[in-house]
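**Q** Here it is: the structure, laid out below.
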Amino acid sequence: MSLLHQARFFTTVNHLRDLPATAVPEVAFAGRSNAGKSTAINVLCNQKRLAFSSKTPGRTQHINYFSVMPAKALDPLGFLVDLPGYGYAQVPGEAKSHWEHLLGDYIQTRSQLAGLVIMMDARRPFTDLDCQMVEWFLPTGKPIHVLLTKADKLTNNDASRALMSARKVLAGYQAQIEGEVSLTVQLFSSLKRRGIEEAQRTVAGWLCLPEAMPPSPDAEPAKKTPSPDAQRGE
């Protein structure tokens, strides 16, 4: 059984000053308000209501921490961090501004953050806000893993095309930065339970959990492609 199945609620944070003073690794989950983020977290942890999925998109405006630890352990081995969903226009302006700053500051400055999982709807990935999230996080040099959620809504051919397209987008980001950063992507469906083990392996590896296994072939890293200038020999 995955140690992720033993995740439990730890705390809710509304200001950076309230972040837990711990040294263990954290894996954060981000995504648009309707990308199925909370549902995916629940499925990965094999729990129904670990992460609260509001019927009102954009309602969750805090950072929620879930500890990962064996049943009899005294201290967490790591944390899953559920970030506020972004991109919902009907959130009041002041509240929206607050949690956008909270989210941005957290992913850019939190030293304990080991990696970022970004949920994107497989039917329309890499929206402007999704790209902004990637661009916010890239300078940290830490890995990004994209879950193309709701893959069950696509035919097999369309799902394969969506995956190939996403890999090309990530390869473009890889070409823009110095050094190698792990940028991976996979198909995921909470309803059909597709891609769960692959995602669990990635998260467990980032948290350095004992169960960590080699990545699945589906989570193929983006390959660095030459920039247009390089291709022209300039």
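Numbering starts at 1 and runs along the chain as displayed.
The backbone N, Cα and C atoms fix where each Cβ goes, glycine too.
In case it's useful when we look at the structure, here is the feature table from Swiss-Prot:
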BINDING   31-38, 58-62, 82-85, 149-152, 187-190  GTP binding site
BINDING   Ser38, Thr60  Mg(2+) binding site
DOMAIN    23-209  domain 'EngB-type G'
REGION    210-234  region 'Disordered'
**Q** Are there any residues in the same chain, six or more apart in sequence, whose C-beta is under 8 angstroms from the C-beta of Asp152 (GTP binding site), and if so which?
**A** Ser189, Leu191, Lys192, Arg194
**Q** If H, G and I count as helix, E and B as strand, and all else as coil, what does DSSP give for Ser38 (Mg(2+) binding site)?
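**A** Helix, per DSSP.
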**Q** What whole-number Å value do you get for the CA-CA distance of His62 (GTP binding site) and Ser38 (Mg(2+) binding site)?
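**A** Cα to Cα, His62 (GTP binding site) and Ser38 (Mg(2+) binding site) are separated by 13 Å.
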**Q** Mind giving me a neighbour count for Ser38 (Mg(2+) binding site)? Other Cβ atoms within 10 Å of its Cβ, every protein chain shown.
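**A** I get 22 for this one.
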**Q** Quick one: pull the CA-CA distance for Ser38 (Mg(2+) binding site) versus Ser190 (GTP binding site), whole Å only.
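**A** That comes out at 10 Å between the alpha carbons.
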**Q** Measure the Cβ-based neighbour count of Gly31 (GTP binding site), defined as the other Cβ atoms within 10 Å of its Cβ.
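**A** Excluding its own Cβ, Gly31 (GTP binding site) sees 27 Cβ atoms within 10 Å.
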**Q** Which one of these binding-site residues has the most other Cβ atoms within 10 Å of its own Cβ: Ala35, His62, Ser190?
**A** Ala35
